[in-house]
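Student: According to TrEMBL:
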- 14-408: domain 'FAD-dependent oxidoreductase 2 FAD-binding' (DOMAIN)
- His50: tele-8alpha-FAD histidine (MOD_RES)
- His247, Thr259, His358, Arg402: substrate binding site (BINDING)
- Arg291: active site, proton acceptor (ACT_SITE)
Amino acid sequence: MVAINSSLPRRQFDVVVVGAGGSGMRCSLQLAQAGLSVAVLSKVFPTRSHTVAAQGGIGASLGNMSEDNWYWHMYDTVKGSDWLGDQDAIEFMCRQAPNAVYELEHFGMPFDRNANGTIYQRPFGGHTANFGEKPVQRACAAADRTGHALLHTLYQRNVAARTQFFVEWMALDLLRNDQGDVVGVTALEMETGEIYILEAKAVVLATGGAGRIWQASTNAFINTGDGLGMAARAGICLQDMEFWQFHPTGVAGAGVLITEGVRGEGGILLNKDGERFMERYAPTLKDLAPRDFVSRSMDQEIKEGRGCGPDGSYVVLKLDHLGADVINKRLPSIREIAIKFGNVDPIKEPIPVVPTIHYQMGGIPANYHGEVVTWENGEEKIVNGLYAIGECAAVSVHGANRLGTNSLLDLVVFGRAAGNRIVESHLERQLAHQDLPKESLDFSLSRVNELESRQSGEKVQDVANSIRMSMQRHCGVFRTLELLNEGVSQIDELAEQAKHVKFDDKSKVFNTARVEALELSNITEVARATIKSAANRTESRGAHALNDHPERDDVNWLKHTLWHSADGRLEYKPVHMKPLTVESFPPKARTF
Ligand SMILES: Cc1cc2nc3c(=O)[nH]c(=O)nc-3n(C[C@H](O)[C@H](O)[C@H](O)COP(=O)(O)OP(=O)(O)OC[C@H]3O[C@@H](n4cnc5c(N)ncnc54)[C@H](O)[C@@H]3O)c2cc1C
């Protein structure tokens with residue numbers, strides 16, 4: 001038991017960054033280099049964060065292999081987002097992209113090279129030249145291990161800059177004072193089971209995605225949406241949570257990802273008749289149409305009886321025609337994954353694939369400086385001391401659907417921007433540590449105490465698995481209002497159960513049962529936000545495809561969803577249609 005407001009161990013830092021993925025470590029690097037004291041917390045060793053699994057590439061209009069410019073990249077991103085992306089943030093990201101990639105190159109990131117020494121770039125879904133005319137080569141790649149190369153590079157730079165890492169530490173709750181400013185976090189040191197108070201002048205949430213609220217997912221097991229849970233419990237709304245990306249090519253049955261880079265290199269999708277069906281759905285971009293589009297087309301083929309395998313439950317990805325040399329040089333990990341998880345050698349046979357949950361477009365609302373913003377009286381209001389970056393944030397550059405390679409890009413662009421913003425305000429406002437807020441501290445500690453002391457109740461993993469099954473069934477590639485509403489009732493019931501779970505092993509040292517029980521509260525927050533937001537949006541846009549309302553409805557629904565967990569309320573705010581310096585791209589039909 002932890003005595004409330006007792007002499008819990010305390011530490012003070014200028015900044016606490018929760019998360020050591022690409023976004024967290026890009027931000028901490030900026031801060032440590034500016035001389036601030038920075039603590040980076042991570043549930044796992046930094047280089048095991050999910051960013052390490054990113055395969056295909058990072059998008060930037062370098063134009064090394066075909067003509068390109070940031071304005072085309074911006075257009076593709078706005079169109080890819082089905083016009084729900086904020087155009088100021090999108091312009092900011094696409095303009096910064098080339099410099100962000102060159103900066104990584106100068107940090108020592110080992111990109112693949114062209115014969116003339118420039119960075120190798122491959123085509124990727126939805127990235128085009130001249131406003132949709134033809135695919136462009138924009139994805140800067142290190143074989144099919146781009147995230148691995150990026151994360152290790154950033155880790156090494158952080159070690160050199162003397163960032164302090166807290167490895168196997170789990171942040172539990174945000175601490176907010178009476179004015180609502182964020183002044184620190186509570187955190188569990190897994191090794192000892194001790195809870196600490198980490199005081200900070202600024203807290204950065206960089207906790208990554210929450211793909212583990214689904215049964216079939218390409219995401220790491222640690223992706224349980226902790227930052228979103230922390231924000232929701234601290235009274236901060238979550239934005240656009242109905243928009244989740246299904247990646248077209250998860251290995252059937254296993255969920256492990258096969259990068260879109262395979263199609264970028266020339267791989268094609270076939271149905272059971274050996275037909276390249278994407279030619280019918282997207283005559284111009286074919287297999288390289290954006291992910292929401294390809295996933296729906298695959299689902300359609302399977303539903304209409306043209307799936308492969310004994311149950312007709314998947315389609316196949318053929319790449320043997322690329323030849324062993326290309327596969328071994330550009331896609332070595334993909335070959336390994338196909339052999340280990342799909343039981344096929346792609347040099348000889350096609351890989352069985354199905355759409356699999358992959359990425360959350362929604363998250364904690366933030367502006368393009370990384371500052372968290374709430375919505376009050378028709379205006380965005382900054383939460384002092386709180387920043388959100390990476391997959392847990394909704395900036396929103398991805399809107400209703402993210403283009404491949406734009407996530408690694410957003411990690412480094414907004415990680416750096418948030419770092420700069422914190423350094424500026426630190427210098428300008430001479431920020432000091434503030435008093436610890438008793439109420440907020442009591443809340444966090446009593447939450448943990450209650451969980452620790454409960455003697456009876458549901459098992460943690462039973463409730464977590466029921467949530468995953470329910471999300472998978474009720475909130476899939478194609479949705480109906482009936483299915484969604486059933487899902488809302490189920491998730492509400494499971495959320496009740498989650499309040500009364502118990503775990504038997506109360507030991508302190510490396511107790512993973514305790515960690516899983518704490519993660520469940522975050523999984524529950526994210527699942528509720530998702531299904532409630534989805535059941536209320538009566539249109540189809542990007543990754544939210546509703547059979548009962550198959551069209552996009554710009555008159556009523558060109559707006560961001562905001563979910564308030566405390567009172568179960570949804571509200572809406574306008575999309576930023578105005579870019580920073582160029583003309584706006586007005587909505588139009590999305591064909592490929
Ligand atoms: C298999 C796969 C392949 C992908 N390929 C690409 C690609 O080629 N190109 C692309 O652009 N995007 C790709 N993506 C998406 C992209 O990789 C992710 O969106 C991105 O890496 C997320 O980075 P992040 O910094 O937000 O978080 P992550 O890298 O997920 O890191 C999250 C960090 O937060 C920590 N954390 C979480 N909760 C807590 C807590 N409570 N306390 C302390 N620490 C906590 C974790 O330990 C971890 O360090 C891919 C995603 C997957 C799953």
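Heads up, residue numbers simply count up from 1 along the chain you see.
Cβ coordinates are placed from backbone N, Cα and C, and glycine is handled just like the others.
Annotations in TrEMBL come from automatic prediction, not curation.
Locate each feature and note its surroundings.
Tutor: Secondary structure at His50 (tele-8alpha-FAD histidine), taken from DSSP and collapsed to helix, strand or coil, is helix. Note on His50 (tele-8alpha-FAD histidine): other Cβ atoms within 10 Å of its Cβ, all shown chains, come to 23.
Thr259 (substrate binding site): 29 other CB atoms within 10 A of its CB, across all protein chains.
Mapped onto three states, the DSSP output places Arg291 (active site, proton acceptor) in helix.
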Student: May I ask which residues of the same chain, at least 6 positions away in sequence, place their Cβ under 8 angstroms from the Cβ of Arg402 (substrate binding site)?
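Tutor: Listed in sequence order, they are Gly80, Ser81, Gln245, Arg291, Tyr359, Met361.
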Student: Using C-alpha atoms only, work out the spacing between Thr259 (substrate binding site) and His50 (tele-8alpha-FAD histidine) and round it to an integer in Å.
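Tutor: Roughly 14 Å, rounded to the nearest whole number.
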Student: Note the Cβ centroid of His247, Thr259, His358, Arg402, the recorded substrate site, then list each other residue of that chain whose Cβ lies within 8 Å of it, in sequence.
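Tutor: Everything else in range on the chain: Thr218, Gln245, Pro248, Leu257, Glu260, Arg291, Tyr359, Gly404.
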Student: Over all pairs in His247, Thr259, His358, Arg402, the listed substrate binding residues, work out the largest Cα-Cα distance in Å.
Tutor: 14
Student: Sequence gap of 6 or more, C-beta under 8 Å: which same-chain residues meet both conditions with respect to His358 (substrate binding site)?
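Tutor: When sequence neighbours closer than 6 are ignored, His358 (substrate binding site) has Gly211, Ser217, Thr218, Asn219, Gln245, Phe246, His247, Gly250, Leu257, Arg291 within Cβ distance under 8 Å.
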Student: With the Cβ atom as the reference point and anything under 6 Å counting, tell me which of the recorded positions (His247, Arg291, Arg402) are near ligand 1.
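Tutor: None, as no Cβ falls under 6 Å.
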Student: Among all protein chains shown, how many Cβ atoms are found within 10 Å of the Cβ of Arg291 (active site, proton acceptor), not counting that one?
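Tutor: Around Arg291 (active site, proton acceptor), other Cβ atoms within 10 Å: 25.
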